[in-house]
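Note sheet for the following structure.
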Amino acid sequence: MGKRAGGGATGATTAAVSTSAGAGLEPAAARSGGPRSAAAGLLGALHLVMTLVVAAARAEKEAFVQSESIIEVLRFDDGGLLQTETTLGLSSYQQKSISLYRGNCRPIRFEPPMLDFHEQPVGMPKMEKVYLHNPSSEETITLVSISATTSHFHASFFQNRKILPGGNTSFDVVFLARVVGNVENTLFINTSNHGVFTYQVFGVGVPNPYRLRPFLGARVPVNSSFSPIINIHNPHSEPLQVVEMYSSGGDLHLELPTGQQGGTRKLWEIPPYETKGVMRASFSSREADNHTAFIRIKTNASDSTEFIILPVEVEVTTAPGIYSSTEMLDFGTLRTQDLPKVLNLHLLNSGTKDVPITSVRPTPQNDAITVHFKPITLKASESKYTKVASISFDASKAKKPSQFSGKITVKAKEKSYSKLEIPYQAEVLDGYLGFDHAATLFHIRDSPADPVERPIYLTNTFSFAILIHDVLLPEEAKTMFKVHNFSKPVLILPNESGYIFTLLFMPSTSSMHIDNNILLITNASKFHLPVRVYTGFLDYFVLPPKIEERFIDFGVLSATEASNILFAIINSNPIELAIKSWHIIGDGLSIELVAVERGNRTTIISSLPEFEKSSLSDQSSVTLASGYFAVFRVKLTAKKLEGIHDGAIQITTDYEILTIPVKAVIAVGSLTCFPKHVVLPPSFPGKIVHQSLNIMNSFSQKVKIQQIRSLSEDVRFYYKRLRGNKEDLEPGKKSKIANIYFDPGLQCGDHCYVGLPFLSKSEPKVQPGVAMQEDMWDADWDLHQSLFKGWTGIKENSGHRLSAIFEVNTDLQKNIISKITAELSWPSILSSPRHLKFPLTNTNCSSEEEITLENPADVPVYVQFIPLALYSNPSVFVDKLVSRFNLSKVAKIDLRTLEFQVFRNSAHPLQSSTGFMEGLSRHLILNLILKPGEKKSVKVKFTPVHNRTVSSLIIVRNNLTVMDAVMVQGQGTTENLRVAGKLPGPGSSLRFKITEALLKDCTDSLKLREPNFTLKRTFKVENTGQLQIHIETIEISGYSCEGYGFKVVNCQEFTLSANASRDIIILFTPDFTASRVIRELKFITTSGSEFVFILNASLPYHMLATCAEALPRPNWELALYIIISGIMSALFLLVIGTAYLEAQGIWEPFRRRLSFEASNPPFDVGRPFDLRRIVGISSEGNLNTLSCDPGHSRGFCGAGGSSSRPSAGSHKQCGPSVHPHSSHSNRNSADVENVRAKNSSSTSSRTSAQAASSQSANKTSPLVLDSNTVTQGHTAGRKSKGAKQSQHGSQHHAHSPLEQHPQPPLPPPVPQPQEPQPERLSPAPLAHPSHPERASSARHSSEDSDITSLIEAMDKDFDHHDSPALEVFTEQPPSPLPKSKGKGKPLQRKVKPPKKQEEKEKKGKGKPQEDELKDSLADDDSSSTTTETSNPDTEPLLKEDTEKQKGKQAMPEKHESEMSQVKQKSKKLLNIKKEIPTDVKPSSLELPYTPPLESKQRRNLPSKIPLPTAMTSGSKSRNAQKTKGTSKLVDNRPPALAKFLPNSQELGNTSSSEGEKDSPPPEWDSVPVHKPGSSTDSLYKLSLQTLNADIFLKQRQTSPTPASPSPPAAPCPFVARGSYSSIVNSSSSSDPKIKQPNGSKHKLTKAASLPGKNGNPTFAAVTAGYDKSPGGNGFAKVSSNKTGFSSSLGISHAPVDSDGSDSSGLWSPVSNPSSPDFTPLNSFSAFGNSFNLTGEVFSKLGLSRSCNQASQRSWNEFNSGPSYLWESPATDPSPSWPASSGSPTHTATSVLGNTSGLWSTTPFSSSIWSSNLSSALPFTTPANTLASIGLMGTENSPAPHAPSTSSPADDLGQTYNPWRIWSPTIGRRSSDPWSNSHFPHEN
C-alpha cells in the first residue's frame, strides 16, 4: 500500500483519488468525460479526497498505515512532525490493553458499538463515521493512533486527539472490498494513558456490477511490465460511458488497448449488457519492491458518492525465475451452454540459463479445465513473454462452485526455480432459456399462404432474473419474419416463463430453407433463438464419376452390358422426412437402397468407394432425419436391341413425389483391353518401366474415351496419354490409348533400397541424409548392408510383387479393366560374369580380361573400380561379400595384392557437373560415369609378380547399389627354355671345337677349291615351362641370326608349346683372328623374355696365321685403292691452286694500297680535311675498277668487305649466314655484276652505284641501326675483317652505335652485350682467327687505289640530279619501320615516281619533327638505329640545321666559322650526351663525308639537298619512312644521288632540304654520344690516340700486314666523306632512342670508346665519337656513295655541326678530357696498339697545329685519310678488338659491308664492332634481304638468320660502300680472299 499522511481518508483512498491518470489516461478521461479542463477534472476526482482531508484535519496529528500483519502507528507530537513509534505486533497491543484495564469498565464509548458495512461491491468503497465518547468527568483521553490489520478497511485520523471529559471525537472508516465474501477486522486505538481500545468492523464483498476486479498478487521481474486489460461490463440497459479514469501515478500508466495515442468517445462507450476492454493498465517495474497503486474509474452512471477504485499490487523482484504475464486467468462469466473459453498462458524466464517447462496442470484437478501444453524451453533473459499453454474452461463441465476457481501450476526442470502458480476463476451461470421448438418452425407451401403469427414464450431456469433488452433478426430471415409486440426490456424472473414477442411469418414463393437464429440480448449475455423455414423437399444428386448430377445418364451401353449408377438423396429440412417408397419406370432398370447416414455432400463423395460395395436391398422405406442422406443404386441391364432407352426413378414422401429421369443408349459391340494383363519388366527405384495400353473396339461406331484411372491407391502406378493418342477409338481396330508407368521411387522418396547421392571430392561434405563420397569408401559395406537389408525386408514381405488395376471408361462402355503387374528387383551394373579367370601369365607380361558394365537406371551412375587392397580393413567384409554375391569359393583371397589393375582407354573422358571426372583418379582407381542405359567395358590387367595363383576382389563402387564385386583369379608363371638340355646363363656353354682335321685346307698348297672352314652343330631347344613360348628373334651378341662367325640356319620365328622342343642348326665360320670365340646366343620371346646362352668356339692356336692367309681377298679391294689415290692427288693440286689464287687476292689490294699511300702527298695541317684532295691523288681508273657498286658506301668506294657484301641495303648475302651481324655477308662477284648491270641502267654505272650505295647508305646506314645488328655485325666483322677494315668498320660501327635504338623486344641474336663490358676489351674473337691479317689487308689494298677516283667521281656526280637508277627508289619499304625492324623481312622494293615520293616527303614535312620523333620512338622497340625521329633533346639542333639548310643559299663560309660551329655543336652534343643515355650505334662508315664548304654548296643545289641535312635526313628519313610507313625512304637517299635525280626525285628519293625538313636529323646524329662509362671521354681519348697514331700509321704504310682479322674499316677520311671525328661522333653519339640494352644511361657505349675498352675496335670507338654535325658524317648511314648522298651527309646532322658544315672535325670534341678514360691528346690506341697521330700522319693530312680540341673538332672537316690510319699494326697477329660489348655499330659493319672476311661467314658476321646480332645492319639482312636494303627497316630488328642471297636487287639498296674496293670485280675472283661465303656462318 502506498503510504500517505493526512486525515480523513485512508491511504488507499487518498492515493486513488489524488493522482490523475497517466499520460494516456488524461486525454482519455477528458474525451470520455466531455470537455473539461484538467484542473476541473482533477478537482472533481478529488471529491472523496477532500472529504477525507477535512476529517484528517480534525484528527490531531496522528495517522496510521496498516498492512496484513504490522501496525505502524504514526503520532503527531507537539512540533507537528509525524514521528514513527515502535511498531508492535498485534498481540502486544492486546496484552497491554488487557493488563491495564483488566476488571475495569471501558473508559471510552464507541458509537456505533461496532461497524457493519453490510454488502459492498468489490472495488467500490463505502465510508462510515465512528464517534468516540469520553464518559469520564475527570480524565482527558489522549488518542495516539489508530490502526488495522487488513487492507479491506481504512481509517482516517481523529477529529481531535484529546477527548475532554464528557467530550467526543470522530474518525472515518472506509471499506474497500477486494474479494467477494465476508470480511471483518479490529481497529486498534492507542491512547497515551489508557491503553489500547479495540473496535470491530464488518463487511461483505459482493461481485462488482461492472465485473471489475482488483489486480492483486502480480509478480514480475525488474525491468519487465505488467499490463492487464481493464474490461468493464455494462449492467445497465442503456449504454455506459466511461467518463474518467485515473491512476495513482508512480510506475502505473494507463494506455489504450489498441496502443494508440487517442481515440473517439465511442472507445469508452459500452453497449447495454456487454463487456468491453476500455483501457490497459501498464505497470513498468524499475526497482525491486512491493508496489501498490490505484485506478479510479468514473462513468456516466456514477453518482457523486459512487466510486470505482481498483487496487493494483505488484511485487517486483530481482530473483531469477519464471513469471506470468497475468496475475490471474479470468474466464469471466460463462453459461453452461456456452462453448469452452480459451485463454493463453504466457511466461517469461528472467534467469541466465534456458529453462525447460515440464508440466502445466490445474491444481486441484478440475474436469472443467483443459490444458493444451507441449514441452517448451524458455530462453534465458528474453524480454518478451512466450506462449506456453492454452487453458480452456468448459462451463458445461463445472458442476459445483469449487470448479469455478483454482490454480494453474507450472513446473520447470530447473530445481532452483520454485513452481509458478497462476490462479484462475470463472463465473458460471447455471441455467437456460427454454422455448417451444415448434413455435419457430415454418413450412413453405407450394402456393403462397397467409401470414402466420406465433407468440414466443421463454422460460428462465437461471437463479436470477433475465432481462431481455433487445431482439435481432438475421438478415436472411428479415424477408419473411418480423418481430411484433416486443417492449423492451422484458424481465423474466427465475424459474418463470413469460411472453416475449410475436413472430410474424410471411411465406414467399421462392422455396428456400432458412436455418438461422434470432439474437436475444439479455443481462446474461446473448442467447440464440433458432428459427427454421423448410419446404419438405428432398435434394438429390448423381454421384461421380457422372458429370450430370440432375439425371441418371448411362451413356452408350453395349447390348450385353449392365451398368450401375449411384445417386444420393439429402434431407436438408429442419424436420425429419419419411421416404415411403421408391420405384422405377422403364424396362431393364432396378433400384436398391445402399446406405443411410448423417452427413452432407462432401461426406457422400468421400464415402463413394464404400457405397459402391454396400447394399441394403431388403428395405422398402426409410426415414431421414434432418441432415441425413440416403444413397440408392440404379442398375440398367441392356437388352439385345440397339437404341435409346429412357426411364425414371420415383421417390415418395409426405411432401412430394421426386422423379429422377434415366437415359441410356444401347449399342451392339464391346471394348476390351489388350493385353488384359500387362506385365511390366522388373524395376527398382531409379528405373521407370512402362508398357502401352491398347483397347480393341468391336463396335460399329467410334467410341470416345472419357476416363482412364487407376483403381488402386499405389502412386507408383500411373498412366500418361500420348500426344498421338486420339480420344476416339476407331471401330474394328485396336488403338493405343496410353502408357502405363511404374516408378518405384515415388513411394520411397529419399529412403529407397537402392540409389544414393554421390559427392565428388570437390563438393562440400555437408549434406543431409546418407550419401556416398568419392574419396571415402571404408563405410561402403555398411551402406551396402543397410540398403540390402531394406531390399530383403521388402522381398520377405512379398512387397516386391505389385499390381494395380486400371479402368477405362468410354461413352459406349464403362469399366474396361486392365490388370498391371510390376516387380521390384535388386539391380546390378555388372553385365558380365562376376568371376574373371586369367590365363597363365608370364611374370614379365600382362594378360587382360574385360568387364562389361551397363547402367540399368534412368539416372547417371557414378562408378569407381577399387582394388580390395585399398580398403583399410577388407577382412571384415570379404567373406560376407563373397557369400552375398555368390562368388565361387577360392582357397584364399589376397587382401593386399595390387596385381590386378582396371583401366579403360577413353578418348573423351566425361566429367560430371559436380566435378567427378572419368579416368584414373589416383593410383589404381578407375572412375566411370554411366549414362542412363549406357554400356561400357573396362579391362582388367593381370600383371603377376610371382609364380603363384592370386585371387582377389575388385570392388565396383557405385551410387546405385554402393558395392558390387568381381572375383579375379590369375596365375603367374615364367617362360623356361633349355638349349641342349642346358638352362640359360653363363654356365650354359654351347661348344664349337674346330680341330686341326677341319683345318686341313689351310695347309693345302694346291687350293683346288675354296677352303671351307664352317662347323655345323644342331641343338635341341626345349620349352620346359607351362607357357607357350613364341621365339621372336635369335641374336648373336646383338646381331640378328648371325654375327662374329656364328649363324643360325633356321632363324625364323617359331612357337614352342609347353614341353615341346625343336632343333636349331648353328654354323660357325672362323675368321682366324682369335683362337677362342665366345659370344652370346640370345632367344627373345614376344613377351619380352630373353634367354641367353654362351657360344664357345675354339681353334688350334698354331694354325691361326696359316688359315688366315688361306682366306680369299675381296675382289673390289684393288679398284678402291686406285680410286682413292686419284682423288687425293686431285685434291692436292686443287689446294695448291687455291692457295695461289688466295695469295694473289691478298697481294693485289695490298700492292694497290701501298702505291696509293706512296702517291698520297702530305696534308696541310691547317687545311680542312678534304676527301676530294685525297681522292684526286689516286687515279680514277681505280674507281672504275672498283665500280663502286651500289652496295659501296661512300667513304671508300669499297673497303674490302663492301664488295663482298650484298649491298648495304639489300643485304642479300651470297653466304648462308643469317646472323644480323652477318648482314655484311660476302657478296659474290655475281652480286657485283648484277649491281653494276642495274647501275648501268641509270646515267652511269658509277652514278647508279653511288646512288644505290648512297641509297643503301641511307638504308643501310639506317641499318646501322640496331645495336643488335651492329654488335652482331661487329662480331662478325671483327672476326672476318682485318685490323684496318676493323678500324673502318669501327668508324662505321661507331656510327651504328648511335643508331642503336634500344629494342628490348628484339634481343640481339648474339648475346654480346651492347653495353660496354670491360672483359670485352680483349680482342674480339674472330670467326676465323687463323687469318686475321688477310681480311684487313685485303680490304686495304682494294680501297687505296680506288678511293681517289671514286671520290672524284662522286664529286662530279654531285652536280647531276639527273637520273640515278630508279633502283635507288625501289628500296622504299612499303611497310613501316617496325615491320622491317621486327620481322627482318626484306623490304619490298616499290618503284615510286619521284612525285609520289616527294608528296610523301611533304606529308612527312607536315609532321613536326616532334611527331617524327614520336613515330620513330613508337616504332623503335629496341634499338632502331635508322629511325628518323630526332632525339627530343637534339630536336632543336636538328630543326636549326634543317631551318638553316632550307633557308640558306649555300654560301661558302670560312673554315673558322665552321670550326666554331662545330665546336658549339660538339658542346651541345656533349650536353645532350650527358642528358640522354643512348646506345651508341656507330652508323656505317659508308656515310659520305662532305667538307663544310661543299656541304653548303650542296645545300644550295637546286635539289635543295643541304648535304649535312641530306645525310641525316637520308638516314633519318629512311627511318621515318619505315616508321611512318610512308615513302620517306627517299629521304635516306644520299644527296649525291639526289643530284643525279630530277628535283622531284631528289625530294622523293634523296634527302633534299625539304626531305630534311620532313625528317629530323637522324637520331644518331642528333643524339649525344651515349656514354657507357664516360663515352665522351673515351671518344676523346680515341681521337687523341688517333692523333698520336702517326708512327703507327707510318709503320702501317710500310707494313700493311693487318694484325686484326676484323674487317678493314675504311679510314674515316674516306668514310662517305664523313670526317673522322664525325664518325667518332656518330658512333659515340647515340640516338636518343638508343638505349643500351643493359640500361646504362648517359654513358657512351664502350663500342664508341677505346678499342681496348668497349670491346669494339678502336675504329668503332672513333665512329662512336663521330661528329653528328650536319656537316660531319654524323651518322654516315651505312656509307653513302658520295658526300652528296643524303645518307652520309644526313648523318652529319649531328648537333655538333648544326650549321650544316660537312666537316665536323675529324676529332670532334666528343671525348671529355675529364672523363676517366681520358688519354693524352695525341695518344691513340688502334686496335690495342697506341700510336701518335700528330706526327707524320697529320702532317700528311695537312694538320698545321697540334691536335687540341679545336683541331680535333676540325678533324670532321678532313675528308680523306689514308686507310692505313685504321690498320692495326702488323705486330698484332690477332686484332686486339675487344668484342664490342657496348655499341655494336652496324654502321661500321655496313660500311665495311659484306666484307667476306675470312673469318666472318657473313661479311662481318660477327662484326668486330658489333656484339649485337641485329639484322639492322645494312648488310645483316640475312633473313630479310630487302629489309636490310632499307637499313632503316632492319635497323632495330635482329633479323632472323636467313641466308641472304645476293641479287641485283641487293645492289639497288646498297649504300655507296667505300669498302667496295674489295668487292669482286670482273677480273678478280673475289676481293676478299677469304670470302665469307666460303665458310659456314658462325652461328
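Any Cβ shown, glycine's included, is placed from N, Cα and C.
Worth saying up front: this structure is predicted, and the values here are computed from it rather than measured.
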Where Swiss-Prot places N-linked glycosylation site when the choices are N300, N844, N1625: N300
S447, S1261, S1863 - the residue Swiss-Prot records as phosphoserine: S1863
Selected residue, Swiss-Prot feature phosphoserine, from candidates S1280, S1575, S1871: S1871
Feature phosphoserine, as given in Swiss-Prot - residue among S1375, S1559: S1375
Phosphoserine according to Swiss-Prot, picked from S67, S192, S803: S803
Candidate annotated as phosphoserine in Swiss-Prot, where the set is S1322, S1363: S1322
Among S798, S1342, S1422, S1875, residue with annotation phosphoserine (source: Swiss-Prot): S1342
Neighbour tally for S803 (phosphoserine), based on other Cβ positions within 10 Å of its Cβ: 16
Overall pLDDT of the topological domain 'Lumenal' (23-1117), taken as the mean: 84
